[in-house]
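Student: Sharing a structure here in structure tokens format.
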Amino acid sequence: MEFRRLHPLLRLASRPLLSSSRRFSVYDDEMEQITRPDWHVVMNGKYNKGLAFTIKERQRLGIMGLMPCSVRSMDDQMNAALANFEARPTDIARFTYLSAVHHRHRRLYYRFIKENIEKSLPIVYTPTVGDVVATYGLNFQQAISLFISIHDKGHIRDLMHNWVDEGVKAICVTDGGRVLGLGDMGANAMGISLGKMILYTALGSIPPSTLMPVCLDVGTDNQALLQDPLYVGARIPRVKGPEYDELVDEFMESAVKCFGNNTFIHFEDFATPNALKFLEKYQYKYCCFNDDIQGTGATGLAAFINVERITGRKLEDTVFLFVGAGSAALGIANMLAMELEVRGIPAEEATKNIYLMDVNGILTPESPNPPEMGKIFIKSMEPMKDMMAVLKKLKPSVLVGATGVGGIFNEEVLKTMAKNHERPAVFPLSNPTANSECTAEQAFTHTEGRVLFGSGSPFPPVVINGKRYRPAQANNCLTFPGIALAAITAKARYLPNEVFSVVSHELARNTPQELLDEGTLFPPIKDAHNVAFNVGVAMTQYLIDNGKISLVIQTASK
Ligand SMILES: NC(=O)C1=CN([C@@H]2O[C@H](COP(=O)(O)OP(=O)(O)OC[C@H]3O[C@@H](n4cnc5c(N)ncnc54)[C@H](OP(=O)(O)O)[C@@H]3O)[C@@H](O)[C@H]2O)C=CC1
Ligand SMILES: CC(=O)C(=O)O
Ligand SMILES: [Mg+2]
């Protein structure tokens, strides 16, 4: 009773706190800090904690009676959530269940994902996120993200002012040009920006109120989407040329004007020509990052460093074949070339054993329109289109797939790799699972268990003749949460290429020796939040030690 009488006073007393930095944070397990004295706390996922409100809190907040009388600890709610999650019949149903938890109880949502990362990563990220993107219009419920369409050109700052949180520190932006291996997904690509930002929080411990997922909706050339009555995006052919470039320029300028020069801007799943163009244009102007090129590049190089540790074969003596010459392959190949140069190998020597293939075959002077970033890998040799012929001629010991084409590393390809090398390394990086160049089971089976393996999407353990093999996941989710954490912590003004080398080495170092001994190239996903933290610390340290931050601030105004 007495508490209820005091309630209006508490409301008044706590009002100033609502606008202060002491506002309740979803990360804070101490619920004592709740200061919103009204029933909105149970309606808003940011503040709600379900049945974990104590009776005293319920009285203080004026929410008595708005829930059953039981008090259920967060641990008990975690158990209930796990039971619910596991009872769902399909992965997409599990995603939908988790989205509902996110909507009503964010604290539970992020704790659930973090503490059940092996179960939840394949749901909020690849492969299920592929289905989420494909069915985005059908399942659309509520946007917790910013859509900027081509029709908003000239008004992007106004849209940013509509954003639901203050203090944005990081943005993940996509234009849906190439989503996973699914191609042009138009505005449905919002699912991918959201998925990446969920991992910023679950793995990088970055508060969700500082994150803004964005989709630039510039139309789509995906005819199935244009004809789908449930499609939620602009029903126009994808806008290209100066109008598109101006929209992206305006987006970048608006972001730093609204949220500050140090806002970390993560580009995701742009079609490769646009991804390369914007990276070149913005890298030293903004604190921006292309995950498919740089995050994947850092991840791939870490895998190679660990292949070197296991096999003892130096990177400079290794022949690499990249099947695919898009963002992912170019990012990794360039990181590798940079690593060799740092080790003292002259630039022209560094690329000697690195071969890239696109749909027309090995990159040679005859290749039509090779990307600028791929030109250093062009080889003066006879054009070769057939992958098997290339394998037989070059005998690579490292084979990377980044084509988006499922199954092209077939039995013959894998057996040839196993015939040519005692420990062949095979990386089917394409996502989601159906687009993987091979499965883990195929890779281990056709190489008699000798393969060193990493795939973009997760595969279950493989058992051959009673021996169990643990397929590693080679996905940029091992790097981008730590990269974002460091960029935000160091308030970096831009990110020079060398920082991604630091990230690679730290990721490689995070693979325990006992895993390397059994041929596993990456730390297990259950440790991904520790990896993000360690990567974040190493990269922040590098930025500070090398004076990058002040140097960057001085040069950035040019
Ligand atoms: N594991 C991870 O962390 C990541 C995985 N990825 C995955 O990598 C894949 C590719 O992405 P990205 O590089 O951006 O895509 P792009 O579409 O830009 O690149 C695909 C490349 O593969 C080539 N290609 C397609 N089919 C064949 C074939 N049969 N033989 C040889 N080359 C072929 C294309 O050639 P052409 O241009 O001539 O058509 C192109 O060079 C996607 O599935 C994506 O999910 C991407 C980023 C990170
Ligand atoms: C993992 C990722 O970024 C991709 O497949 O595009
Ligand atoms: Mg991507």
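A Cβ is built for glycine as well, from the same backbone N, Cα and C atoms used for every other residue.
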Student: Starting from the divalent metal cation binding annotation in TrEMBL that includes GLU268, ASP269, which of ASP221, ASP228, ASP292 is the extra site residue?
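Tutor: For the divalent metal cation site that includes GLU268, ASP269, TrEMBL also lists ASP292.
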Student: Ligand 1: which of the recorded positions TYR125, ARG178, ASP269, ASP292, ASN431, ASN475 have a Cβ closer than 6 angstroms to it?
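Tutor: Checked recorded positions vs ligand 1; flagged ARG178, ASP292, ASN431, ASN475.
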Student: Among ARG178, ASN431, ASN475, which the record lists as binding (S)-malate, how far apart in Å are the two most distant Cα atoms?
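Tutor: Value for the max Cα separation, rounded to a whole number: 17 Å.
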Student: Can you tell me which of TYR125, ARG178, ASP292, ASN431, ASN475, our recorded positions, come within under 6 Å of ligand 2 at the Cβ?
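Tutor: Cβ < 6 Å from ligand 2, in sequence order: ASP292, ASN431, ASN475.
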Student: Given the recorded positions ARG178, LYS196, which one has the fewest other C-beta atoms within 10 angstroms of its C-beta?
Tutor: ARG178
Student: Can you go through the recorded positions TYR125, ARG178, LYS196, ASP292, ASN475 and pick out those with a C-beta less than 6 angstroms from ligand 3?
Tutor: ASP292
